[in-house]
Structures are given as C-alpha cells and as structure tokens.
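The carbamoyl phosphate binding site annotation in Swiss-Prot covers Arg53, Thr54, Arg103, His131, Gln134, Leu260, Pro261 and is backed by sequence analysis. Look at Swiss-Prot and you will find Lys82, Arg164, Arg223 tagged as L-aspartate binding site, backed by sequence analysis.
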Amino acid sequence: MRHLISMRDIGREEILNILDESERMEAILNEKGHCDFLNGRILATLFYEPSTRTRLSFETAMKRLGGNVIGFTDISNTSVTKGESLADTIKVISGYSDLIAIRHPSEGAARLSGENSKVPVINAGDGSNQHPTQTLLDLYTIKREVGHIENLKIAFIGDLKYGRTVHSLCQALSLFKGVEIKLISPEELKMPREVIEDIDGKIKLSEMTDVEIEDVDVVYMTRIQKERFVDVNEYYKVKGIYRLSKEHIGDKDVVIMHPLPRVDEIDSEVDNLPQARYFKQSFYGVPVRMAILKLLFEDSVK
C-alpha cells in the first residue's frame, strides 16, 4: 500500500489486515500507552479545512508510535496565500517528513498529493469525496461493537449527498458478503448516483425518506453539512429534518454511530444509552490511525 487515498484503492484483505493491526495497536494502548515503531519519524499534517477529531487523533497516533508531528491548520500562515500550488507544497513537505496526512476542500486533492509526494500520503478528507481513515475506524467499530461485518444490516441517515464518510463506508461494505443498507435522506441529499452505481448489485440497497430502523444492526447518523451548500437557504430547508431520540431507539439491539461533529441530529439524551457508541467510535480513531501509519511506513521502506 503506497498511499491511502480512496477505499476503491484497497481490497478486502488489505482492510482486514488493517483491522487486525488496529487490534494490536489498541492492545498496546491499553497495556503501555505507547510504543517506538515510528521513533524518529515525522508525520506532516496539512489541514486546509477545519478538523478536531481527525487531526488530533492523527497527531496522537503518531506520538503514541514514538514519532513527531509537523504541519499547519491555518493556510493564512502558509505560502498558499502567495499562490503556491498544492503540487509544489507537497513536493517540498514530502522532503521534510516520512508521512503526510492531508485534508483539503477540493475533490481529488489527496490523489494529486500522492502523485507529487516522495512519501506515503493519507487522505484525511477531500471535499465531499472520500475519507478512508474514517471508514476504516468505522469498520473497526462495527467489528468490535457488533461482532461482524459480513451479513451486516445498516441504516445511513441524513446527508448522504455530501457525506464523504458515507460514500467511503458504502464502498468498503460492498466488499463483504450479505450486507444490507438502508439509505434514509431528504430528496435534496440523496446518495450520489455514481456511488449507488458503484455498489449496486454487490449489496442489498433500499432508499427512503422516513426513518426506519427496525431490524438493523447499526444506525449511522450524519450531520447536515452547512458548509457544503452553495445556497444557505437550501440548507435551512433540510436542517434538523432528522433527529434521533430515545423514543426511536427504545430497547432495540442496535449500535448507534456518528462520525461527529453532531449538531442536532442526535438528542443528547441518547448519549447515556447503551446503544450509543459514537464517542467510543471516535476513540477507535487512535489505534486505527496508528495501524495505518505503521503499515504505510513499513511498506514505504521495503
């Protein structure tokens, strides 16, 4: 694995290998809290968009592996403001670091970065396109909290048009047998046709606008992303259209996930229910990103 740009670039066996390595990393965290697999190595985090969990979990993961972190979160303090191209930025920074994690508002920016980098590049989110490390931690959460990925029944609710986490996860789930997916969204935020076409025939799909979470293993809530709307009035038409409450969940045997941040799509009263796993899901980002960093670096020096 040279880079991690899209879930389309890796297969089922590579996914399972990353999940197995993530278990080993979680065990190390629980036993010692750190290791020295990447001692003396440097991760560059290039965040052209705001981030809390992804950026901090990458930094935590690298430091837990014994490495160091450089990077930026405010492009106003970089040569981007002088007109430097992304390709040139990557060529320079790949000379300073052993690994790069990049978040960028433009679809395709991560792939362009990989094409211009001397070191492994990890896509930490490119526009509404892909977010593969979130997908891998989602799969790890499902494996740990549900117990299986094959024959999974999952409902995605909310912004399925701009939600890159949903696009990536659906593509990954299509590699596993017996998966059934419910796509629940307003008409304005339906899953892009190209994603549907990519997974159709590989898994059982159903699309609807009303919340229906009977007979599912996982409910995956998503935020309506105001920052993706060109017309803010269109955002306010769908804001708050879905809100998961204690009444929806009851005593259902279901795992509730959310990539976070949330706004108002999950009532805060749900947080204390045993079915709520979204904060644990966020924690899993550290061992999973530790595994990704370790495996990518090892492959780069073979």
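In case you wondered, yes, glycine gets a Cβ from its N, Cα and C as well.
Nearest neighbour of Pro261 (carbamoyl phosphate binding site) by Cα distance, taken over the binding-site residues Lys82, Arg164, Arg223: Arg223.
Distance between Cα atoms for Arg223 (L-aspartate binding site) and Leu260 (carbamoyl phosphate binding site): 8 Å, as a whole number. Between the CA atoms of Thr54 (carbamoyl phosphate binding site) and Arg164 (L-aspartate binding site) there is a gap of 14 Å.
Spanning the listed carbamoyl phosphate site, residues Arg53, Thr54, Arg103, His131, Gln134, Leu260, Pro261 have a farthest Cα to Cα distance of 16 Å. The residues near the carbamoyl phosphate site, meaning same-chain residues not in Arg53, Thr54, Arg103, His131, Gln134, Leu260, Pro261 whose C-beta sits within 8 angstroms of the mean position of the site's C-beta atoms, are Ser51, Thr52, Ala124, Gly125, Thr165, Pro259, Gly285, in sequence order. Largest Cα to Cα distance within the recorded L-aspartate binders Lys82, Arg164, Arg223: about 34 Å as a whole number. Between the CA atoms of Leu260 (carbamoyl phosphate binding site) and Lys82 (L-aspartate binding site) there is a gap of 33 Å. Using a 10 Å Cα-Cα cut-off from Arg164 (L-aspartate binding site), the binding-site residues that qualify among Arg53, Arg103, His131 are His131. Secondary structure from DSSP puts Arg53 (carbamoyl phosphate binding site) in a helix. All chains included, 24 other C-beta atoms sit within 10 angstroms of the C-beta of Arg164 (L-aspartate binding site).
In three-state terms derived from DSSP, Arg103 (carbamoyl phosphate binding site) belongs to an extended strand segment. Following the DSSP three-state reduction, the secondary structure of Gln134 (carbamoyl phosphate binding site) is helix. Between the alpha carbons (Cα) of Gln134 (carbamoyl phosphate binding site) and Lys82 (L-aspartate binding site) lies a span of roughly 32 Å.
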